[in-house]
Amino acid sequence: MVAPQDPREEVIQAWYMDDSDEDQRLPHHKDPKEFVSLDQLSELGVLSWRLDADNYETDEELKKIREDRGYSYMDFCEVCPEKLPNYEEKIKNFFEEHLHTDEEIRYCVAGSGYFDVRDRNEKWIRIWVKKGGMIVLPAGCYHRFTLDTDNYIKAMRLFVGDPVWTPFNRPHDHLPARKGYVQNFLQKEAGDSPIDAAA
């Protein structure tokens, strides 16, 4: 019997990236494709949910996540050429590898985009987040963001307390947040779960 698909996989997918220098907004799959499971992402500290993006104002599940995790602050960020001032510069900055000293919480309520993180061997994993997908990148996790070829995402940004969006471009290995991330996630034994090969 086939195991039921995790509903999160309809709105969040991840795969190892190729080394191509082509447009950052392309999928950048390897050949053959190498998918990464959401369980493997969680081993790197990346948490994920599937939520009801059409009813985020009244969604009890979102309310519970916010209460459980202390996400008191909330706003929205639209990333597209028409809505984001200094769009080209901002997109370039988002794609610089960086970390934050707090969690980065993004809930995609419209559109889609790519969040790239590194595995324990420094290989890039591309996480495609679509409408209804919410992810948490842990403090101290090097990452970058880009739109996909649809050039649009509207994301809810959540934060514990007053928001601090300061990016620290790599290298910032001396920061306590980075040391904590390395200790908690990168120095653990890697799981033996096989990578899902593309069908």
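Note that Cβ sites are derived from N, Cα and C of the backbone, with glycine treated the same way.
Record features, source TrEMBL:
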BINDING   H98, H100, E104, H143  Fe(2+) binding site
BINDING   H98, H100, E104, H143  Ni(2+) binding site
Around the Cβ of E104 (Fe(2+) binding site), how many other Cβ atoms lie within 10 Å? Please give the count over every shown protein chain. 22
Taking the recorded Fe(2+) site as H98, H100, E104, H143, identify the other residues of that chain whose CB atom sits within 8 Å of the mean position of the site's CB atoms, giving them in sequence order. L99, L137, C141, Y142, R144, P167
